[in-house]
Each structure stands twice: as structure tokens, then as C-alpha cells.
Amino acid sequence: MAPFDKSRKPYSRPAARPRGADGEWLHDKAPGVPSAALNTNGNGMIVDTSSKILVSNLHYELTPKDLTQIFGQAGTLVREPLIRYDRSGRSSGVAIVSFETVEEATLAKQRFDGKLAKGQPMTIEFYSPPPKPVKGRGRSVSAPSSLLNRIEKPPLLERLSRNTPKEQIVGPRKSGPGPIRTKARPAATRAPKKAKTADELDKELEMFMLDDAKASAPPQTSATTQADGDVEMT
């Protein structure tokens, strides 16, 4: 194990506060404070966002090249000015200009704020990006259920059967039309035959005998007479 270095500090101390000639503490914004002490984040480092300015109320005909020529007089631009456009492609009159240092951005604000550009006064302020939304907000987290509630819950199969309609529990139905069933018709009842009398039987016998006699009689031929004699033969 390496020996512990007592001279090494477990944490870094904040930057020293500016003080006057008599040793009294001075505010960061007090006149005469060095620019290195301004716009710090607690570690003595210059915040990069303060080197950008937001220019508004710009004429719609101004181009990034025009803004470069204007604000390039105050310092060095790290990138081309960014003009915001609407959906139709027309300038919204707002642009972001990024300088290399905070001093240059401060000089540009003091020099060109309220100045006319193509007949319109420019409004200049320091630009700071909007804060990023914190992830996880707006989501409701349900409280964990107790052990007793989990034990008292019915089994999963029983809970699913409660939520399932009864029609879905029935097995699959066969596709296609089913058999057609017809009711059997009752058989027609026949009336019993009536017995014939003796007179009716005699009449039927006579009719049968007459028909038989007509069928057995020989056919009648008619003789023809010739007045002029026999047929002449040669």
C-alpha cells in the first residue's frame, strides 16, 4: 500500500475572492476588479456562454456576412453569426454572435447596442442557452405493493378468466354451414275400402261378358256387284 501523502488536499479550494488594497473583500461586479475574476463558475474558469451575444430587432435583409462585418470590428468571431429563420425561410430578426473572449462580447454590446443597421436599432444582450429538462420528471412511480397484498391476490389463471368474456372460453367453431335438419312429415292416412254388393258384382260380370263376345265375333265383309260383267281377261 502506497504511503499517504499528508500534503495532498482531498479537495480543491475555491478561487480566491478579490480584495482591495486594505485587504477588504470586494464584490465581483465592483469597479476595478480584474476581468479574470468576472463570469467565473467557482473554479476560476471563464464561462464560455458569456462570450455569446443575442442580437434582436434585426432587419430581415441582413445576412450573416453583414453581421460578420459589423461585429468583427469588436473582436474575433469563432464562427459565422447564426440567424434564426421561420418556416417560410424569412429572417426572424434574431441572431447569435459568438466571440472568442468575454471581453470582446462585452465590447460589442457596449458599442453596437441601440445602433442602426439598415434603419433598425439593434438590441443586444448576453446569450445563455436554455436549461436542459431534467429526465425522469413527470413520470408517476407507483408505490410497491406489500407482501400481504401479493399473497392475497388470486392466481394468474383465475384473474385472466375473470377478464375474459364467456364467449371466448368456448372452443373453436367449425367453419362452413352446418347440417340442415328437416322435420319428418306424417304419413297420409288411407280410408278403408268399402265392400261391393252382389248387384255391383253382377253388373261387372255382365260388362265383362259383353266385351268378350264383341272381341270374338268375325268381321263382316260387303259384297260388290258388277253390272257390266266380269273383268275382261286376255
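Quick reminder: no glycine exception, Cβ is built from N, Cα and C everywhere.
Here is what TrEMBL records for this protein:
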type	residues	note
REGION	1-28	region 'Disordered'
COMPBIAS	19-28	compositional bias 'Basic and acidic residues'
DOMAIN	51-129	domain 'RRM'
REGION	126-145	region 'Disordered'
REGION	162-199	region 'Disordered'
REGION	211-234	region 'Disordered'
COMPBIAS	218-227	compositional bias 'Polar residues'
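Within the model, the domain 'RRM' (51-129) shows a mean pLDDT value of 94, rounded to a whole number. Taken residue by residue, the domain 'RRM' (51-129) breaks down under DSSP into 20 helix, 27 strand, 32 coil.
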